[in-house]
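Engineer: Take this structure first; my questions come after.
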């Protein structure tokens, strides 16, 4: 009987735990965004070799954020990072065409974009950095009506502006069940 009340109490007041991937091409700002979320400040970063994992707590949510390296030898392994993932974030510069020409085909070739193990759809939040107003360019790339995608959103951001990062975290926690 005590277990029932404990589960009920945790479900009502407990923290929501989510695993989030940050995937993109080289030097797109993945590590900068991760540490801006974790520490609240920009730190000098070097290219990620392999992956980096940090736990970020925001309001009533706990995010295990995975910054996955994007060297061409690592990209085929991206599919393995999607297990038990509640969503993905993809920073990139659409000015350089990285989202359209690099990241989207890579992800689509390894998993149904927006689909993870078990056929469940999850939120995907592409971020567009270094080019103001470029989020509109993603509207022509990403299918709005595909039931396989689940909810998705796009935010133009710079890792130097924490309000954009926190609004994306709030969006993620709102759409993830």
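Here the Cβ of each residue, glycine as well, is placed from N, Cα and C on the backbone.
Marked as N-myristoyl glycine by Swiss-Prot on the basis of sequence analysis: 2. Per Swiss-Prot, GTP binding site is recorded for 24-31, 67-71, 125-128.
Walk me through the surroundings of each of these features.
Structural biologist: For residue 27 (GTP binding site), the same-chain residues lying six or more positions away in sequence with a CB closer than 8 A to its CB are 47.
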Engineer: When the number of other CB atoms within 10 A of each residue's CB is tallied over all shown chains, which of the binding-site residues 30, 68, 71 has the maximum?
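Structural biologist: In terms of Cβ crowding, the pick is 30.
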